[in-house]
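Noted in TrEMBL for the protein shown:
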- 112-131: transmembrane segment (TRANSMEM)
- 137-161: transmembrane segment (TRANSMEM)
- 188-211: transmembrane segment (TRANSMEM)
- 231-252: transmembrane segment (TRANSMEM)
- 264-281: transmembrane segment (TRANSMEM)
- 306-324: transmembrane segment (TRANSMEM)
- 331-349: transmembrane segment (TRANSMEM)
- 361-381: transmembrane segment (TRANSMEM)
Amino acid sequence: MNGILFRRLPVYSSVHTAINTSCAQCLYTRWESCIQKYDHSYKASLLNIRTLCLPNNNGLHISRSRQKSSVSHRTDTLELRRHLSFSAADMVGKMPKNIQPYFRLMRLDKPIGTWLLYLPCTWSIGLAAEPGSIPDLYMLALFGTGAVLMRGAGCTINDMWDRDFDRKVERTASRPIASGEITRFQSFFFLGGQLSLALCVLLCLNYYSIALGAASMSLVITYPLMKRITYWPQFVLGLAFNWGALLGWSAVKGSCDWSVCMPLYISGVMWTLIYDTIYAHQDKNDDVLVGVKSTALRFNERTKQWLTGFTMAMLTGLTVTGLSCDQALPYYASVTLIGVHLAYQIYTLDINSTEDCWNKFISNRNVGFILFIGIVLGNLWKKQDKSKPKGYQSSL
């Protein structure tokens with residue numbers, strides 16, 4: 001009885017509660033330290049259990065079905081994104097298996113080369129437009145078709161010449177001719193088809209442009225040979241790839257105005273030396289082994305200095321072109337923006353990183369677009385020449 005009464009006293013109750021609390025905290029602390037000592041992953045385990053165990057009215061249960069539902073939802077989302085995304089490689093991959101090698105031979109799965117061939121054409125077509133007018137859309141479409149065909153033909157010729165070299169380089173060993181997917185006879189027949197279609201496009205132009213376009217074939221055919229005899233094959237590629245800077249103007253105007261076309265053409269050649277030197281750094285180790293020459297091997301550690309010089313020459317040529325065409329403020333703003341872009345590109349370039357060289361190479365498509373937009377806006381900025389009679393059209 002005394003014991004019971006004593007326990008009911010307020011002092012005893014407080015002491016008893018404090019002792020129980022202290023013992024509980026002590027046991028919890030020892031248990032936690034023990035767990036931490038022998039199982040450093042207990043927190044992760046508790047987190048996983050907490051994620052899997054969800055409370056309901058009947059207690060705890062493992063919600064594996066909900067976890068599977070979440071994973072399935074993420075998978076469905078990724079699949080939806082994959083189906084909604086569109087790229088040239090996906091387009092080629094969905095084609096029938098028997099024609100995929102021919103599309104890959106044309107590099108339709110990698111359209112960056114087509115853009116780099118086409119954009120100089122858009123520059124000259126845009127510059128040839130009348131003040132206050134947009135470029136001739138028919139000519140832009142016609143030259144776009146020609147760029148796809150001629151780039152495909154050029155790649156076919158290049159792969160036919162380089163079949164043995166490509167087999168020794170990891171990046172090019174899977175190309176259709178090098179891997180044996182397409183025979184030499186098949187590639188020759190396919191090349192004839194591409195050139196025939198390209199000729200049909202060329203015949204849509206005036207006589208001056210037909211002769212000028214036909215003259216570029218010597219560069220297209222001989223370019224693959226240049227990498228065997230000179231460290232400057234990128235210069236020859238520039239001469240071929242920027243022929244559209246001459247052809248676009250003549251297709252609109254009927255002949256070349258060399259005060260405009262020549263500095264524009266030289267600027268394009270300098271641009272090609274920039275981006276294709278960067279591109280060549282991807283294969284420089286393999287090129288040494290197989291005996292192929294390039295500006296990447298010629299410049300080596302002095303690449304950035306050379307690229308800076310090419311950039312200055314390109315910007316000078318574009319400025320002269322603008323002055324010859326009486327271009328307006330938007331044009332010179334685009335030239336300035338190009339200078340900033342190329343300066344950043346060269347400054348951050350890592351010539352020993354294949355990934356960085358590829359990213360820098362494809363970023364040059366933006367250079368072409370910036371200049372084209374500047375040309376179009378510059379033309380719209382200019383006022384119509386009131387001295388010309390109404391309905392005046394340039395001779396074709």
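A Cβ is built for glycine as well, from the same backbone N, Cα and C atoms used for every other residue.
Here the structure is a predicted model, which means the values were calculated and not measured.
Among residues of the same chain six or more beyond the transmembrane segment (112-131), those with a C-beta under 8 A of the stretch's C-beta atoms are 139-140, 143-144, 146-148, 150-151, 155, 241-249, 251-253, 260-261, 264-265, 268, 272, 275, 321, 325, 327, 361-362, 364-365, 368-369, 371-372, 375-376, 379, 382-385, 394.
Non-local neighbours of the transmembrane segment (361-381) in the same chain are 112, 115-116, 119-120, 122-123, 126-127, 129-135, 271, 274-276, 278-279, 318, 322, 327-335, 337-338, 341-342, 345; each lies 6+ residues outside the stretch with a CB under 8 Å from one of its CB atoms.
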